[in-house]
Amino acid sequence: MDMLKENVIQNNEARTESSVEPSHPDMMETVPEEQQKPISHIDDLLSETANLMAVKEQLLKEIAENEHIHSMQMRALQNLPQEAILPLQYHADPRRRHRMQKPESYKTVICQAWLESKTCAFAENCRFAHGEEELRPSLIEARQNNKYRTKLCDKYTTTGLCPYGKRCLFIHPDNGPNAYIRADKLFEVSQRHALADLRDQMEHHIMNGGRSTAGPQQFDMFARPCTPDEPAANMPLGPTPVSIRGPRYELPSKKPLETEEAGNRPPSSWPLDPSTFFALDSLNMATRPISPFESMLIGAAGNMQYSMLGKQSTPGGVSGYSSSGSTPSQDSDSSPLTAASAAADAACQANSESAQSILLKSINNPMIGNETTLPIPGLDQLAMDIAKHLELW
């Protein structure tokens, strides 16, 4: 440092001596004052250079220490198991930390997509609740918010749906029996959920090959849909906020004899199953009023049980009938009334298991068992006419 300073001073003196020649006696007095200014400037530069060099040495020491610490950390991580390394990497990445699910809000709010149509693209991986069964208690008190109940809820007032329900921080005007859905939207949403349940039931039925995997089951397709005339307050609420259903009807349970017969034929194709058509008396439909067409058939058939003409509840609203393949050729003197009378007489004998099995055999296998009984002529056309008339009635 001293040698550098001496060299700089000598160079400056040589420059000043060569450039300044004393031509006047007064100039000799001003030269020493002008030479003092570059010398002081050089001193400042030298001090700054010394400071920078000291800072550089300090930084080099810190870098060496950091490298040593980093090497020690890497050695320690190599000795840790893989299960302990993954959480550390997850928290070290700020992008992953931003995408972390907040545990305090998991499953504390109803899923908006599920609330609208009971369908969600995330399915079981959704972080929101699909129904009140999955809803968890919130760890945050709503009243701690300064905006609690100070303005109207935008979702509830505009769309009619709010996934927060009673936990919403805002006001739900005209709150009906359901805190999640506005009263005028309740029927529309219930129909969407009913269609979703029906789709799930049909998919389950198709996956099982048309066979029931358990005992008697209740199907949503028999559920009575709520009508707009019913007040929203009287609609029954299920376990989920929009599970609105009416009374359900069950299929008649098969008797042991019918179970044996089912093994000798293809799987049931409900509602075209003959057993469901001729076992309508088990649905207890005797309280329904008689249509004019049915009264005409009753008068022509004589002592015919009314349960034979009971209307079966089907998803389409059309009475079920049996389609047993091609109908045998009718006699020249046979008529629809004669066929109805024969069908009624056969149905009256269904109280005994033996008579009912004979009737089912004659319908399912019209070409077999001619010694026992003959197939009823015109049964398909008669059943179709009855179904159309009952649907119009």
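Cβ from N, Cα, C; glycine included.
The compositional bias 'Basic and acidic residues' annotation in Swiss-Prot covers 14-26.
Per Swiss-Prot, compositional bias 'Low complexity' is recorded for 313-340.
Feature annotation from Swiss-Prot assigns phosphothreonine to Thr327.
Per Swiss-Prot, the feature region 'Disordered' maps to 1-26 (among others).
The region 'Disordered' annotation in Swiss-Prot covers 227-251 (among others).
Residues annotated as region 'Disordered' in Swiss-Prot: 311-340 (among others).
Mean model confidence of the zinc finger (105-133) amounts to 89 (pLDDT, 0 to 100 scale). According to Swiss-Prot, the zinc finger annotation covers 105-133 (among others), on the basis of sequence analysis.
Beyond the zinc finger (147-175), the same-chain residues lying 6 or more positions past its ends with a Cβ under 8 Å from any Cβ of the stretch are 108-112, 115-116, 128, 138, 181-185, 189, 241. The zinc finger annotation in Swiss-Prot covers 147-175 (among others) and is backed by sequence analysis.
Across the zinc finger (105-133), DSSP assigns 10 helix, 2 strand, 17 coil.
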